[in-house]
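Here the structure comes first, spelled out in structure tokens, and everything after it is commentary.
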Amino acid sequence: MELDGKENFKVPLLQDFSEVAVAVSPSFSNGIKKTKTMMCNIRGIKCASCSSSIESALGKIRGIENVTVSPLHGRCVINYQPQFINAKIIKEAIDGLGFDIEDFPEKDITVCRLQIKGMACTSCSEFLEHALLMVDGVKKAVVGLAIEEAKIHYDPNITDSEHLLEAIKNAGFGADIINAGDEMNKLHLKIDGLSSPEAETLVQSRLEAIEGVNLVEMDARNSKITITYDRDVTGPRSLIQCLQQAGDGFYNASVCTPPRRRETEWQQEIQIYKAQFLWSSLFSIPVFLFSMVLPMIHPYGKWLKYKVYHMFTVGMLVRWVLCTPVQFIIGRRFYSGCYHALRRGSANMDVLVALGTNAAYFYSIYIIIKSVTSDSFEGQDLFETSAMLISFILLGKYLEVVAKGKTSDALTKLTDLAPDTAFILEFDVVGSIISEMEISTQLIHRNDILKIIPGTKIPVDGIVIKGQSHVNESMITGEARPVAKRPGDKVIGGTMNENGCLLIKATHVGSETALSQIVQLVEAAQLARAPVQKLADQISKFFVPMVVFAAFITWLGWFIPGEVGGYPRSWIPRAMDGFELALQFGISVLVVACPCALGLATPTAVMVATGKGASQGVLIKGGSALEKAHKVKTVVFDKTGTLTVGKPKVVSTKLFLDLAVLEFLDKASAAEANSEHPLAKAIVEHAKKLHQQYGSHSDVLVEVKDFEVHPGAGVSGNVGNSVVLVGNRKLMLASQVPIGTEVEDYVSDNEQLSRTCVLVAIDREIAGAFAITDPLKPEAERVVSFLRSMSISSIMITGDNWATASAIAKEVGIGTVFAETDPIGKAEKVRELQMQGLAVAMVGDGINDSPALVAADVGMAIGAGTDVAIEAADIVLIKNNLEDVITAIDLSRKTLFRIRLNYVWALGYNVLGMPIAAGILFPFTGIRLPPWLAGACMAASSLSVICSSLLLQSYRKPLQLEDSGLVDDSSSV
């Protein structure tokens with residue numbers, strides 16, 4: 001995620017596999033204990049006897065090892081064993097003694113992801129969120145209807161995943177745990193050789209004794225172990241080695257990867273709906289034939305009209321027998337959903353379907369009873385309405401589930417990028433390779449040396465230490481052209497090595513890799529709700545009750561006029577009466593108006609768009625960022641590292657005092673050594689090169705004291721016996737350092753050449769200056785021009801001087817410039833623009849851009865920038881390419897257009913379908929919408945919305961740069 005180079009890598013805590021192997025003594029016993037410490041303040045302690053009573057009472061509780069209470073300060077320190085007791089129980093014990101506890105230490109909030117079953121529409125997801133938030137200890141709960149998942153933040157001291165599952169069950173839904181806590185720090189092992197409970201206890205106790213192991217879960221029946229561990233303290237290979245040592249080589253452990261639950265659940269759901277639809281069709285098609293087709297064919301019609309008893313015919317009996325399994329066995333899911341919805345005081349699709357099918361079925365039972373008890377009654381049953389309606393709804397749900405699975409294709413492709421195995425090398429003391437072994441990717445540690453042969457994928461993030469090659473990074477960054485890699489360059493896990501053989505050093509593994517972070521961001525984005533979805537949520541709250549009321553009014557509107565002769569008798573179809581006609585119109589209204597499609601309109605579009613954006617190199621953090629980006633009318637650019645390449649270099653040095661060049665460089669580079677600013681790094685690098693040029697290879701910098709950063713101006717510090725200031729005019733003037741004519745002329749001349757001048761003052765006198773240039777990105781001018789064509793203005797804000805900033809802005813075509821601005825000033829400028837009614841996007845890459853990124857309506861961080869900037873931004877541009885600013889805004893516009901179109905599809909079926917279902921056309925054209933056809937329309941509305949969202953998969957970038965061969969066609973991944 002950073003620029004190629006060796007800087008800014010975290011020093012791993014684990015240096016080598018041999019250094020982290022755990023030596024286990026043969027005399028190891030199960031008596032090793034793991035303890036935690038809790039500190040808090042207790043109010044109400046008046047004397048030493050109070051503290052003694054607390055210590056005595058707590059000391060008797062199992063699991064508490066030691067209690068110390070200070071009667072003077074009321075401070076309490078408790079050492080306890082977490083396997084026996086937790087902080088919540090300790091707090092309750094103190095409360096029970098009559099004392100109040102302050103600063104109660106809550107454990108880090110745990111995140112749990114659950115797969116939810118049984119949600120039908122947005123009212124279900126809303127109710128479930130409310131039910132989860134009512135659980136004691138739950139801090140935040142988000143339920144995604146489209147991906148059928150819930151993400152819950154909770155305090156593990158108060159509740160756990162089992163209570164969450166119980167709350168979901170009580171709400172009327174099913175749930176399975178996807179993961180609880182950090183799944184990336186779990187190791188799943190298959191172990192052979194466990195033959196007794198004693199062996200299991202030995203293995204578990206030895207694993208629990210390893211530093212960094214948080215939890216060991218044994219599944220003796222399947223010979224599996226799940227280990228939760230701290231990646232910064234231990235690693236998978238160390239754990240496996242310890243396990244093998246525990247059995248003196250008798251135990252054989254191997255990594256087993258549990259099946260991806262989302263994919264498994266999706267396939268199971270498809271099979272369930274497919275089976276239900278086929279079984280329903282097996283009964284419904286004969287019902288339809290016996291009701292609509294065969295009565296008109298001789299001699300079947302005569303046989304079906306044969307009277308079994310009074311007016312009860314063979315046809316009625318056959319249709320009753322065939323419809324009943326569909327209504328009560330295959331359709332029982334609608335009864336269950338209806339029951340739970342009504343029990344929680346809401347209404348959803350299941351309520352409408354249950355009302356409609358039951359009305360048709362039990363009216364048909366009434367017809368049968370009348371036929372059996374009368375020798376003159378003639379009535380037409382509606383069994384085919386009930387059976388066909390359920391069949392069409394199940395068909396619609398089946399097609400909907402298939403289509404919904406396609407919306408997460410991009411995420412699935414990202415997840416599948418990482419290879420399963422890798423080749424790890426082992427070296428001797430002189431650096432010669434002594435062994436090469438293929439291991440699971442999950443067993444890679446930081447600092448491992450891996451061999452990447454041509455045509456294979458890179459397993460983890462790392463740095464090239466030997467070899468040259470070209471790496472295809474299109475699957476991560478969207479960049480189609482292979483990128484040259486040499487020693488010192490960084491490589492991303494999941495990318496493809498094209499031609500040469502590379503040796504890389506692993507720097508980021510597991511959840512730290514760029515690929516894992518991208519997947520996590522996309523998953524979070526797909527779960528987050530866009531503000532535009534509030535419309536659907538508000539409609540759904542009252543829509544279903546309104547539909548039930550409308551259906552009842554429709555029935556009355558046709559039944560009462562029919563009874564009093566309000567319309568001609570000829571309007572009623574043959575073999576029907578007025579009640580049946582009115583009932584069919586009412587059932588059709590119930591079914592056709594289901595708001596399922598409304599709830600899917602936004603989340604499906606957001607899912608597809610965020611996944612597509614990730615595959616194009618644009619990470620969008622949720623539906624809110626996606627929606628806000630389409631409103632952007634002004635884009636504010638930082639200069640260094642954003643409009644420019646971000647690798648400035650010193651092009652000239654000027655001395656204004658009688659001073660040795662190397663001495664001047666040493667003092668300037670010493671002052672800048674602690675700064676992260678790109679200009680500071682350029683000066684330090686320039687000093688190193690000149691040292692080498694003059695034959696001095698010392699990398700030892702002079703110590704600087706009282707180092708201070710002056711935001712937007714420069715740095716200062718004491719170097720040796722001198723006070724050194726390194727920065728711009730603003731710093732010199734603020735420090736009352738006089739700037740002579742010669743200095744002004746040098747600065748002015750270089751600024752006209754778009755160079756930045758950095759002044760160096762020693763003991764309040766200008767000693768020299770550096771002229772630094774940072775070349776513009778080749779696509780910058782085109783991007784600004786294209787934004788103008790999109791009616792979006794561009795502004796540049798920089799801490800650089802006015803002359804250089806103006807020259808850069810003129811070169812790229814930006815008319816408005818704010819220069820010599822500190823980080824707080826950048827944020828204030830953004831707010832000033834917002835006060836003018838403009839929706840502002842800020843594009844930056846550095847720590848100094850973070851306040852402005854947060855202040856902007858949409859913050860866009862260059863992917864090669866700092867972690868702070870990326871964390872503060874709403875959108876991350878992985879490729880460090882300004883082209884993706886346009887991609888993000890354009891994708892947002894296309895997505896919002898698609899969401900609005902989805903609402904048209906969803907509401908269009910209701911607005912047009914409800915009047916037709918209510919029979920508004922029937923008096924004029926004789927056209928009516930039978931209930932089974934209304935069910936087909938309802939299913940088609942959901943399917944049309946999902947298919948509309950899926951069209952975003954064909955999105956292509958509006959701007960593709962070809963200058964200097966930097967960017968090729970990167971729209972397809």
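Cβ atoms here come from the backbone N, Cα and C positions, even for glycine.
As annotated in TrEMBL, transmembrane segment covers the listed stretch 381-399 rather than the other ranges in 381-399, 514-532. A contact between the transmembrane segment (903-926) and the transmembrane segment (542-561) is present, since 3 or more of their C-beta pairs, 6 or more residues apart, lie under 8 Å.
A Cβ distance under 8 Å defines the sequence-distant neighbours of the transmembrane segment (351-369), meaning residues of its chain 6+ beyond its ends; these are 312, 316, 319-320, 323, 327, 331, 334-335, 337-338, 341-342, 379-383, 385-386, 389-390, 393, 544, 547-548, 551, 580, 583, 586-587, 590-591, 593-594, 931, 935. Tertiary proximity for the transmembrane segment (542-561) is limited to same-chain residues at least six positions away from its ends with a CB under 8 Å from its CB atoms, namely 123, 346-348, 351-352, 355, 567, 578-579, 581-583, 585-587, 589-590, 593-595, 598, 914, 917-919.
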